[in-house]
């Protein structure tokens, strides 16, 4: 009996080690901790997709349920920070207010924040985002408004974008800013990952909206997802299997957002939405994602562009959002970029989305916009969120400090 138990224990240990171990670059922050955390996340995602394949649930249902365990139940205030739940233009939000002005009345900074999660997962109520926004309000003596836009599959593009714009327009009014003692000349729009996608798109739209007299002063984008025309940029090739955002998962998120068939993942990863003889519209869009011209040489390394032999012209007909600037802010015209506010863009070396941010920085600079690129050599996707919660990383703390320092100096 004991022999059988020992054999089973050894086999389970080997299986667990095989699942947890993932070869990682030595330059990545705290690799063993990251491996363990990623094994939990991958396990949840695999279980979620398996349940879907068996017809038991929708693709991300179990992942959403697991994420809900981490949510803060109800607003929790303190003497320094007042937290309330409300809505702006019909869009739900949490408001984190520094109470410093209660003792000495003064106008405060304002930050409109969009959480990440592939337009499908996440919530501003999750512990990591809750603590992040709380800390931002305290560090910056600010009012941080965390927007609860609806998620796929209940909402699909352009719903999330429309809600982000709708909430922002409602917030950027004299009435709302006065209600929260926010200085109308010191309001930022920010977000991470898919939330940074929404923040960049909102910054573009609000800059062009002549009906909105109050504008965002700055935009702060944390490892943004900005295009889905090329899943073979150097960072996608280099970091294909690096936690916590694996290349196939990012393609899956885009398909979920754009109402695409999940079976198209392999087509996207092969860049089959490109063709050897593209139309004028597609060629113009591809020029705005041409990393051979937009990426600094140091980041191109020895990688080569990936072109399909034949491609699938019908793929873009099935996924028109791939060419829609509201979904892919990197595709904006230069005249639009000229109008947007100064930008802070955080990128991480070990992140598939690194080059989205770097290419956007180049395009903004070429349009004459002031840009600060904050690159973390030991960073991975989502690292700033790990300044908080049970899985704290040193790069998470450093990146959060750098981000808030920039906001403090520029907002």
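Every residue, even glycine, has its Cβ placed from backbone N, Cα and C.
Now, the feature entries from TrEMBL:
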type: DOMAIN; residues: 111-263; note: domain 'Alpha/beta hydrolase fold-3'
type: ACT_SITE; residues: 193; note: active site
type: DOMAIN; residues: 324-384; note: domain 'Alpha/beta hydrolase fold-3'
type: ACT_SITE; residues: 351; note: active site
type: ACT_SITE; residues: 381; note: active site
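Neighbour density for residue 381 (active site): within 10 A of its CB lie 26 other CB atoms from the protein chains shown. Counting every protein chain shown, the Cβ of residue 351 (active site) has 27 other Cβ atoms within 10 Å. Residue 193 (active site) sits 8 Å from residue 381 (active site), taking the Cα positions as reference. Mean model confidence for the domain 'Alpha/beta hydrolase fold-3' (324-384) is a pLDDT of 98. When the alpha carbons of residue 381 (active site) and residue 351 (active site) are compared, the span between them is 5 angstrom.
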